[in-house]
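Everything on this sheet refers to the single structure shown next.
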Amino acid sequence: MFLKFKNIFFIVLTLSIVFNGLIVNSKNIHINNKNNNNNNNNKDLSSSESGSSSDINPYISQYNSERETLVNQENQIKLGSNTPFNSKEQQANTIFLNILQNEELSFSNNDPSGVNFFIEKQIIENESTIFKIIQNMPKGSALHVHQDSSATYDYLISVGSYLPNCYIYLTYDVNDANNGTFHFYDSQPTDSNWKLLSTIREGVSNVESFDQQLLDSLTLIGQDYGDYVSLWRKFDGIFGRVNGLVTYLPIATGYMEHLFQQMIQDGVQHIEVRKCFGDFYDLTGKIYDDYWFVQTMEELVLTTRQKYNMSEFALKIIGCNGRHNNQSVVYDAMVMSLDLRNKYPSTFVGYDLVGPEDEGYPLIYFIEQFAEIKKLGYQYQYPLDYYFHAGETILYNNTNLYDAILLNTKRIGHGIQLPKHPLLMDLVLKNDIGIEICPISNQILQYVSDMRAHPGLDLLNRGLPVTISPDDPAIFNYGGLSYDFFELTYSWGLNLQQLKQLAINSINHSNTFNQSEYNLLYNAWEVKWFNFIDYIINTYSNI
């Protein structure tokens, strides 16, 4: 990862990679033997020095040998240590690492790792060869992305907001939570703060600039973050403002098509979205529920496979509620999830609770509801699986990780606090629970300031099944997975063998309906991976 601030200074990140070998730099050791016997001042010291060297060198030799053994032993449990890697992949990896090191050396001795993603995004896009390579990398699955912020919002503004009858709520009260909210009405609402967007556009001198302001209002770009609580309120507020667009029937399917296109172009073959329960609407006021959405998505996946000639492409849906909801609401949602799971078993896969963990109810608060759902699940062919957000917090006393594991969660969303729980890490490894790391999200939402210190690196070095996801990329002003992979490549010193294993991890922890679907996904990814290796060798061998 690198950064250049407005041509003032350059930044370099020094990458230490000990994966394919160990380089030991030993300082010259000078031993000065002082002879206290005045009668021996003129004695030839060569034999004395030779004797000292023979005494010390065996120690150094043994030390270096033990050191190399220790480092190699630790490397054996790190990500990628057992990943198959042939000679051609090694050739591509050498090229990849040379490019990475050259990019680092082209910048000054300042460190970018603590800089916010918003500041460096344009530099990454314009100046990094490594980023271009990662864009071409087949990434497997994106396992943690929220449906209503899964693809960039430019589609909502450039297409959705130009549809007839689009209104925006505008008031001079900056504290009004509804300010900037979009919605479609068949006629002018009684509340005069709702303004017809087409009329507003007719009155502005620069429509392109106006639309850019609308788009910026749906991201965290340029906002005064304030403290952690204020940041989360601004973050949540965007979901409220955009809801009237993403749930409007003429836009809903198009937005998901936009997601599919962005992910496929970025090398993603399998997507799993968290979809909060809520209805869709049309201009007549007719309501379309989550059953409609799941069925519509199954149809859209079929057309997408044909459009892109990708028989392996898949979408899975995880139903969810905000963790601020009461027990009754959560129970009803889980009952619906159980029904959806059995009506659409190849698409609807489970349930989660979302939202800031430090402000909403902990998982233990809903233990009676979980117990009832477990009992109810015996009446169905498919029980309800869980994919809990847990450990997305900076507080020491958060208990959600304990309950997520005890409730047999299939994966853990974020898991930032997991390295503080050695026993839980052992259980995650033993039970093969996938961990969904969302690095850019974690930085922007102030869980991690310096990407090099991201706790995911500890999990990765322990050999836990880490996967990489974008979380809410639309609000963070990007699409796909390449930016997250890029951030970690620079900050964690990842090589191609490790990137390969991250992609494999994502496939292994995907919700494939059966072995046939898994084989289809993995085999298609593997073909793309070796094409990617050829691309690196053919394109960058002479650099």
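Even glycines carry a Cβ here, placed using N, Cα and C.
Together with W232, R233, K234, F235, D236, G237, I238, F239, D472, Swiss-Prot lists one candidate of G80, G355 for binding substrate, that being G355. Cross-referencing H183, H258, H389, H421 with the Zn(2+) binding residues that Swiss-Prot gives (H144, H146, D471) picks out H389. Neighbours of the Zn(2+) site: apart from H144, H146, H389, D471, residues of the same chain with C-beta atoms within 8 angstroms of the site's C-beta centroid are V145, R274, V354, G413, H414, E436, C438, S441, S469, D472.
The local packing around H146 (Zn(2+) binding site), expressed as other Cβ atoms within 10 Å of its Cβ over all shown chains, amounts to 21. Its Cβ placed at the centre, E392 (active site, proton donor) has 24 other Cβ atoms within 10 Å. Straight-line distance linking the Cα atoms of N309 (N-linked glycosylation site) and N514 (N-linked glycosylation site), rounded to a whole number, equals 21 Å. Counting neighbouring Cβ atoms within 10 Å of each of the glycosylation sites (N179, N397, N508, N514), the lowest count belongs to N397. Put simply, N397 (N-linked glycosylation site) is 17 Å from H414 (active site, proton acceptor) when counted between their Cα atoms. Apart from W232, R233, K234, F235, D236, G237, I238, F239, G355, D472, the substrate site neighbourhood in this chain, defined by C-beta within 8 angstroms of the site C-beta centre, holds I475.
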